[in-house]
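The K(+) binding site feature in TrEMBL is assigned to A:115, A:116, A:224, A:225, A:321, A:322. Residues or ranges marked as transmembrane segment by TrEMBL: A:7-28, A:40-58, A:70-93, A:137-157, A:188-208, A:234-259, A:280-298, A:338-357, A:396-419, A:426-446, A:458-486.
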Ligand SMILES: [K+]
Ligand SMILES: [K+]
């Protein structure tokens, strides 16, 4: 057990860094003259103090971290940070006379940091600017965390085929390698993320949003979070132009950021367009959007042009796990929302800020199933499984398949737990899917025009657990539950 | 293409044999003096004629069947036989003034032969005895077909881990082999099936059923079909004794028949009890029953004893894919029916007459996931995957995993097609699960007190396809869709 103390030391250092990010809502609060800056300052001091105390108190434990430490560190970071991220919400909302329970505050923080974008708050337009700024900024921070998770933690642990990312990042261009050291890679991805963020905020602003709205919606868009500062979500703007801008950035952010990095650095845009996962992701998103548009038109829900606008925007929004909405799509023919929610499990790339299973895993599974079918008919034929230009090893396929099993089991168990509380089937299953995929809006009671405050505290904790498990790609968390982990 | 003609020739021979089974309802009709024997005789002649014609017409094509022929033969038999099995239903029900559409008749026949036990008929108690005899007898025949499918066809094709059955049948007793030739093995399983059938019918009769009811319910019980001649299903008897007898035979029939065969022949009952799949199956069924009983008691649905009776009977009935009911369990706390339906996908053994994924596959998947989790924490540890006393090869695990993928994809695609018809989500997903698992009763509109006549013709065809795909363990059918199959 004592060999796990260095993990807590690193956690302390990360918390201290996290405290500094509270400067953003603090600044917003000062700028908007809300008179709430001391609440943020208090939250910042508490977070900083805890972090430093942990770091300093364990200064004797500087041992190098092993893979098993990585599992624990990642799990702890994603479980503990929301606790401190919830502090300003608790303090500020109490100060403005809309006190929040700890369950609600922690849920909201996990929802933000995992870029799920579910909310338990209503009358969002009436919240202080700094609160909405913090809610949306958490998603942007979470996006950074996800990128480093994808590039530096999961591949090292070799979990659920996450090694693929490492290889794929370098894959498309044979003679090119991503800068080998991981911090360098992470910086490259962050560079892409920051450039996207600037471009997105400017585009929103130029498209007619106020500067504040542009920044907050940028936070929610590039992180594929979808948490909105408006009760009407993206429908607040009723602007085809802004929806188009949002659409483009959601599509861009659903691709592997390493592809952009490699393409820009080497100028090899042709290999960008050849990447199999990218093509499958964009193909699924746009194809799904057109399909739903067709459905909306065929069933007479909208006129053709409106069907196209509505279908594309909502499919891309939900399937990229963003979750913005401009209308209550639960009123559409039932196939549409179900398809969108199911797609949110698969239609983003590894190395993006999206949630769910990731398209690269689906590609491997699809190819594996096809290979097995061929073998059924021609027992002696055995082709290797290829992704792009490289051969995927059997070990990798196993890894992906184990991931799928644990994923499926997690979804079923969490759903059954919700059913135990007598929640109806549609709400229960969709709440779990929307949480584990980090999508946000569900079906039944949890549609885009509703919010998670309709759930009881216990149900919210189940969803909170689902968001954390989904974001950690489950396996890392599950590994903690194996006896093998705690044995030395 | 012409090399596929021998397949049709065998199909003809099988149809001619199938024609003879119509002697059972014909006999029942004569015995009950319904004046309907000529309808059965006509159906018999048409079936026999078609079979003989096909067999005789293709007498030049006696080539030996290859694995790829097996895939086609199995698919054809299961798709074509119901057409002829539907004939007597069409003729007789027309004669008694309750005409049936072809869609309904084919659905009913597929439901019977796949041992699904869904029905589109109502006022069952008012049907001629011979019709109910035929409906229930189809399940018993289907059970025989399933056993030969499991023992002689699927393992040869090596589909979805079905080879496991071959090995496992011999597995538990090291020094014992099942008679190596497959016809012998099939005869052994059929022997077990016939003994169970006799014992079950006698027990039902001794327990208070009329001889006709005892025979018909035996047909529905040992085949795990669950089609009842009464509108109130098993609730017609309101007898704890009969429910207990039924429970015992459902549990017995959910185990691998080869285990009984080996145990009886060699007297090795200790190895019977050591079989891993058998223990997991019975453990899941009884454990699930007790869990639901506890739930029913805790939520105040029933008094303790009644909760135990209701919980055990219905969990075992639905989870073994039988589908008898004595009450409308959709009125229970929502977790219970959902759990029961999900269990029906996994809680029967390979080599039984049950449907679904089969417990042996779940065991392999579970062990594979556990192995992968351990590897995450200790990258260098790599244990072999064991089932009972033997090591499961990686190829086998791949086979099972591919099966799961195709299974999952089938369920999702069929459900989406039902949603396209604007069926509600709960009904759509449960109809597909209940059909593909060959369970019968679903949720929503398709609970145990309702029936499938509420669906449109198109929706029924989707369910019919689901039943056939589920019964053929999907992969065999899917193989037909691969280009590789049609290439020589
Ligand atoms: K989201
Ligand atoms: K059944």
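Including glycine, each Cβ sits where the backbone N, Cα and C put it.
Sequence features, as recorded in TrEMBL, placed on the structure.
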residue	record	DSSP (3 states)
A:115	K(+) binding site	coil
A:224	K(+) binding site	coil
A:321	K(+) binding site	coil
Spatial neighbours of the transmembrane segment (A:70-93) far in sequence, C-beta under 8 Å, 6+ residues away: 4, 7-8, 10-11, 14-15, 18-19, 22, 25, 36, 39-40, 42-43, 46-47, 50, 99-100, 102, 105-106, 108-110, 112-114, 127-128, 130-131, 134-135, 138, 145, 149, 153, 156-157, 468, 471-472, 476-477, 479-480, 485
Beyond the flanks of the transmembrane segment (A:7-28) by at least 6 residues, Cβ under 8 Å: 37, 40-41, 43-45, 47-48, 50-59, 61-62, 65, 69, 72-73, 76-77, 80-81, 84-85, 88, 129-131, 133-134, 137, 141, 212
Spatial neighbours of the transmembrane segment (A:234-259) far in sequence, C-beta under 8 Å, 6+ residues away: 147, 151, 165, 168-169, 172, 178, 185, 188-189, 192-193, 196, 199-200, 203-204, 207-209, 217, 221-224, 228, 272, 275, 277-278, 281-282, 285-286, 309, 312-313, 316-317, 320, 322, 324-327, 347-354
C-beta crowding around residue A:224 (K(+) binding site), within 10 angstroms: 32
Residues satisfying Cβ distance under 8 Å from residue A:116 (K(+) binding site), sequence separation of at least 6: A:110, A:225, A:321, A:323, A:355, A:434, A:435, A:438, A:439, A:440, A:467, A:470, A:471
Site with most surrounding Cβ atoms, counting all protein chains shown within 10 Å, from the binding-site residues A:115, A:321, A:322: A:322
Neighbour count (Cβ, 10 Å) for residue A:225 (K(+) binding site): 31
Extra residues within 8 Å (Cβ to Cβ centroid of A:115, A:116, A:224, A:225, A:321, A:322), K(+): A:117, A:139, A:220, A:223, A:226, A:320, A:323, A:353, A:354, A:355, A:438, A:439, A:440
